[in-house]
Amino acid sequence: MNTSTASEPVKLKVYYPYYDYVRFIAASVVMFGHANFITWRPAGAIAVDVFFALSGWLIGNILLNTKKEQLPQFYFNRVIRIWIPYFISFSILLLVALLKDNITLKWLEIVMYKATFVYNIFGPDQLAEYKNLMPLDGTGNHFWSVNAEEQFYLFAPILLVLIPLLGRRILVWFLLATAALIYDIYAPIFIGVLLALILKKHDGVEKNIFFKITCGLLFIAGVSLFILNMYMDTASALFSASIVMLLKIPGNPHQIGLFLGGISYSLYLNHWLGEFIANFVVKHTFITNISIRNLISFSSAYIIASIIYIIIEKYCIKMRPLWYTPIYGKYSIIAAYGTVTLGLFIGIYLTKTIG
């Protein structure tokens, strides 16, 4: 890892090419699960946990090499990378929903939660009761995980950068990860940061044969628990963390991997559009074969994700260093914390007044 100067963005010096494939596979598993192509129900949740563990590990490493004065650029980078694709997908969903739905107060409430990155806190528990009142009957429920990661981006820098004497202690993140596992609050993302801290403080430990054996045993333990259908949350955490560590293999980027990893975020966000297109085609044609329907759905989702990545995401990533100014960095901090804070206040108020 490298420590950048105050004027430079902090990046990982070492590239791990197999993480690109992990992202793509995880996004595809979520899509297949939502389409019931994969019928094992835990598959989608496990894929999201892999995303969480990878995010915790990668962002944790970046923040461990970030100085306080570099935080504005960290937030600016997150806004460009996360917000732009997110709000593109969100806008498409809203546009389609406005054409199909009856607009109600509950509909507006759910839209507000997603717009302020707090849907994961106030939305999913309402899905069973109010699904038919949500935009497109609950389409976009998977946005909850992006909202959770956005909140992590607000929480982690406070500990790791602003109060490092406390926030960079392995014990602190071990306790946070344990509490997250007990209370089912996105444990893999905390475990990812914990792993980043351990490897930072014990440089080279990942090359130790005992470390590799331990990761392998944790992987086997996770898979075994899956097979036995026991302690699934713990199994998913073990599986996700071990995957991240076992595939921590430095190397040059693979061109196909860069592309597949690149489209994974938009694929995760927009795979519902593939389902929408497939349903439209089936409804207006004589196609009844489920395999053909799935082919239309998945192909459409991959194509849409590829278009968004090539036209928008790659351009934004390329231009991000040129767009950055300190004032934009400060605006990004205000926007990030202000948006989530607004959502929390409104959500708490509505929960107390409406129930």
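Note: Cβ is positioned from N, Cα and C throughout, glycine not excepted.
All TrEMBL annotations are machine predictions without curation.
Since we're looking at a predicted model, the values are computed, not measured.
As stated in TrEMBL, the feature transmembrane segment covers range 46-66 out of the listed 46-66, 151-171.
Only residues 6 or more beyond the boundaries of the transmembrane segment (174-197), in the same chain, are considered here, and those with a CB under 8 A from a CB of the stretch are 49-50, 52-61, 64, 148-149, 152, 156, 160, 168, 233-234, 236-237, 240-241, 244-245.
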